[in-house]
Amino acid sequence: VIGGTNASPGEFPWQLSQQRQSGSWSHSCGASLLSSTSALSASHCVDGVLPNNIRVIAGLWQQSDTSGTQTANVDSYTMHENYGAGTASYSNDIAILHLATSISLGGNIQAAVLPANNNNDYAGTTCVISGWGRTDGTNNLPDILQKSSIPVITTAQCTAAMVGVGGANIWDNHICVQDPAGNTGACNGDSGGPLNCPDGGTRVVGVTSWVVSSGLGTCLPDYPSVYTRVSAYLGWIGDNSR
């Protein structure tokens with residue numbers, strides 16, 4: 001998260017750190033706990049990765065302190081059958097992680113509440129993005145979970161804001177947030193994690209998908225951050241989680 005602040009411990013109890021093994025384990029993406037055995041993430045976070053090289057940590061606040069957390073390996077995952085790999089705009093960028101061991105719910109570990117239906121576009125609602133993604137133009141990731149409050153914009157506003165960005169297609173199954181001041185947004189490492197919106201309690205209404213970055217890889221928060229719209233996939237999530 002660019003321009004964010006430290007979250008409080010347990011503030012987003014469904015937030016997971018999705019980690020990849022390559023020599024050692026390290027944070028690669030976010031995810032949201034759906035149940036004790038399933039998690040919601042982005043297809044681009046798992047595309048081409050062997051399941052036994054993926055794990056999630058629940059109840060985590062600080063990457064350097066795993067006390068009170070639970071770790072579960074991933075035994076398989078389901079990517080969306082129409083995931084648009086290779087396109088700049090990652091269509092249907094959603095996936096379910098199937099956990100090899102159950103996570104016990106309670107305290108700072110809770111399942112996410114999803115939207116009830118696809119009736120609310122959340123435009124104009126100030127929501128909260130969260131993640132352990134980059135906080136600046138370097139590859140350095142924060143130790144403490146970051147958050148930032150940003151308003152949701154309409155699909156039309158998001159499309160207009162992306163004019164001139166090569167390959168940036170915005171569809172109705174996207175949901176975008178944009179900081180009017182251009183100071184805060186998602187970045188690499190936030191992918192797969194939640195867009196948290198107030199709606200009779202907090203609901204996870206988006207999965208972090210992509211952002212605009214410079215040729216040097218610096219995320220540009222003056223452009224919208226683009227999320228997969230969870231409410232467009234409620235049936236798919238129900239069919240593929242356990």
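Using N, Cα and C of the backbone, Cβ positions are placed for all residues, glycine too.
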C219 - recorded disulfide partner, Swiss-Prot, among C176, C187:
C187
In Swiss-Prot, C29 is disulphide-linked to which residue out of C45, C127?
C45
At the Cα level, what's the spacing in Å between S191 (active site, charge relay system) and C197 (disulfide bond), rounded?
17
Identify which of the disulfide-bonded residues C45, C187, C219 has its Cβ surrounded by the largest number of other Cβ atoms within 10 Å, counting every protein chain shown.
C187
